[in-house]
Amino acid sequence: MLGNRSVTDFDHTHDQVFPVRPDLASTAHINEAGYREAYDQAASNPEAFWAKEAQRVAWIKAPTKIKNTNFTGDISIKWFEDGVLNASASCLDRHLAERGDQTAIIWEGDNPNDSKHVTYRELHEQVCRFANVMKGLGVGRGDRVTIYLPMVPEAAVAMLACARVGAIHSIVFGGFSPDSLSNRIQDCNATLLITADEGRRGGRSVPLKANADKALASCPSVKNVVVVKVTGGKVAMQPGRDHDYATLVADASPVNEPEPMNAEDPLFILYTSGSTGQPKGVLHTTGGYLVWASYTHQNVFDYRPGDVYWCTADVGWVTGHTYIVYGPLANGATTLMFEGIPTYPDASRFWQVIDKHKVSIFYTAPTAIRSLMRDGEGPVKKTARTSLRLLGSVGEPINPEAWLWYYHVVGDARCPIVDTWWQTETGGILISPLPGATALKPGSATLPLPGVRPLLVDGDGKELTGATEGNLCLSDSWPGQMRTVYGDHARFKQTYFSTFPGLYFTGDGARRDADGYYWITGRVDDVINVSGHRMGTAEVESALVAHPKVAEAAVVGFPHDIKGQGIYAYVTLNAEEEPTEELRKELVAWVRQEIGPIASPDAIQWAPALPKTRSGKIMRRILRKIAANETESLGDTSTLADPAVVTELVQNRVG
Ligand code: 6R9
């Protein structure tokens, strides 16, 4: 049941097709014929296609070399390599003449009484001032700056000021622990940290500065800390190291020349989880990323001047980078930045914000939709939402039930939904409907954008054709692709290009139907997707085994109604330890403290032993089945060293 309606009320069939709305087919930036043409051009002559699209950003020196990419050998990806630009100037300075007084950022606070508008002119001035502050602190081209801020306009100011002086920003989500923050600072040797006294979320405060102080105890590279006053909460300031943001900015000059950057100079690092080891620093460069951000923001959301565009992500994730800051600002859009959560003060908040600010394009995650569905239609229907014309989804597969609720209840069957598939690594959207070109099927990300060459391969890397299911790869580069893992090119090559040589492997599985539509089935590696957040099972395991009472741990994902996937941990204790409820709680708290709240295990099962092959490999396939309660179909267990282990685990399954 969906609150007061069941899914069958929406005439739900899995192959239901929603044709392109005729008015959109004639008014959208790209219609069906336009899509086919663009797709063919980008495939047959990428140089010409992207030379033209590159003109959407402001170049100091326009590129003449367009594409120079190689998915074999050492893997080298270069786009627009002789072009010179500055991302901050492309997002700000060039809009001043035409739309200096237009709102760039609408900020909506956690408290529904707090909101403000920042114009392009004001944002430009703040960025120039803060760029001068950073220069004064000795930060320049190529230096790394870690940003650990809540959802306040200063987060966008900090990003753009880094871009302005040529520094590389690395944003760490405010929900990460001091340990996670310190690992990410150490990996890139950041010299400056920008943080806040506290964050605010759902009426509660998050102790960012206190967390930062803990992290910095093990980060000698950080010479300066700039602290934005958000709540005014009392925090310790270390003289000489810590500085008040407002004071520095007030004293700085509002005039700043943007640093001319090469298209292939790094713009940012963003850490993301993989199937092994510690999170890796995904590196994006300036020209290709910005062109891709602008191209996809304009066409996927069919953005038009006058739209009020709202992406509910946090700037700590890639979606916030590309679709709150860089894409919308590159296109001169009005972008809404929301500090709060969907359920505070109540489950109507999203829809009230839409009415308050006349939002026309709304982009959120399936997990938010599913959690709001629980409260039924009431909280939605008490708002008007007449300003809405387009809805978007990102972060994980959207189940058809959630899609239909989003379409019928939120969008009043009037707004197309763009289900956008992409990754931190891809920089921007790769597979998505275009509102004026693509008929929609609930649950399908539909078709690749121009310039995107997906293919499905079997376990041996053999291409599968026609309607089929397999491992999702990309056979050629697109401008927004990541360039390397910061400081570890070998890991880049190993992670993405070694499984299927010559192809970029996404880590996702997908089905392709007879219409060529892609249906992403989820990760096929040891990455789990919890509420749209990527979590490596290896990370959670290493946090668990770091606890003094834990001998061994194995972590898998399991289906979760709201989160998409939940975290299920099998824990083997040291011989002398007793498995108690108290210890279970202690381990959950331990993981939260080690990694952050998003990594909290949903279930911990005490495992006297783990199922292993005779060569000692944990058989995760079996652990996944037990966690999902699919114990009748455990598959082949003949290679197990001790089959009795499985019987024990099945009997004592939690949940
Ligand atoms: C943008 C973002 C990437 C992983 C990706 C896939 C999943 C994202 C999706 C989707 C199905 C969609 N994913 N969008 N799965 N349909 N529309 O989320 O980046 O945090 O790096 O996660 O998320 O599994 O591989 P990131």
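Every residue gets a Cβ built from N, Cα and C, even glycine.
Residue counts for the domain 'Acetyl-coenzyme A synthetase N-terminal' (35-91) by DSSP state, with H, G and I taken as helix and E and B as strand, are 26 helix, 13 strand, 18 coil. For 35-91, the entry in TrEMBL reads domain 'Acetyl-coenzyme A synthetase N-terminal'.
Marked as domain 'AMP-dependent synthetase/ligase' by TrEMBL: 93-476.
Around Arg204 (CoA binding site), no same-chain residue at least 6 positions away in sequence has a Cβ under 8 Å from its Cβ. The CoA binding site annotation in TrEMBL covers Arg201, Gly202, Gly203, Arg204, Thr319, Ser531, Arg592.
Proximity of Thr420 (ATP binding site) to non-local residues of its own chain (separation of 6 or more, Cβ distance below 8 Å) is seen for Val300, Tyr363, Gly392, Ser393, Val394, Ile429, Ile431, Ser432, Ala445, given in sequence order. Thr420 (ATP binding site) falls within a strand segment according to DSSP. What TrEMBL lists as ATP binding site is Gly395, Glu396, Pro397, Asp419, Thr420, Trp421, Trp422, Gln423, Thr424, Asp508, Arg523, Arg534.
According to TrEMBL, the domain 'AMP-binding enzyme C-terminal' annotation covers 539-617.
Taken residue by residue with DSSP, Val545 (Mg(2+) binding site) is part of a helix. Non-local neighbourhood of Val545 (Mg(2+) binding site): Ala551, Glu552, Ala553, each in the same chain, at least six residues away, with C-beta under 8 Å from its C-beta. The Mg(2+) binding site annotation in TrEMBL covers Val545, His547, Val550.
According to TrEMBL, the N6-acetyllysine annotation covers Lys617. In the three-state DSSP reading, Lys617 (N6-acetyllysine) counts as coil. Cβ environment of Lys617 (N6-acetyllysine): no same-chain residue six or more positions apart lies under 8 Å away.
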Among the binding-site residues Thr319, Trp422, Val550, the ones with a Cβ under 6 Å from any atom of ligand 1 are Thr319, Trp422
All chains considered, the count of other Cβ atoms within 10 Å of the Cβ of Val550 (Mg(2+) binding site) is 20
Whole-Å Cα distance, Gly202 (CoA binding site) to Trp422 (ATP binding site), is 28
Among the binding-site residues listed as Gly395, Thr424, His547, Val550, within 10 angstroms of Thr319 (CoA binding site) by C-alpha we get Gly395, Thr424
Rounded to a whole number of Å, the separation of the Cα atoms of Arg592 (CoA binding site) and Val550 (Mg(2+) binding site) comes to 16
Residues near Gly395 (ATP binding site) by Cβ (under 8 Å) yet at least 6 apart in sequence within the same chain, in sequence order, are Ala313, Thr319, Ala365, Pro366, Thr367, Asn529, Ser531, Gly532, His533
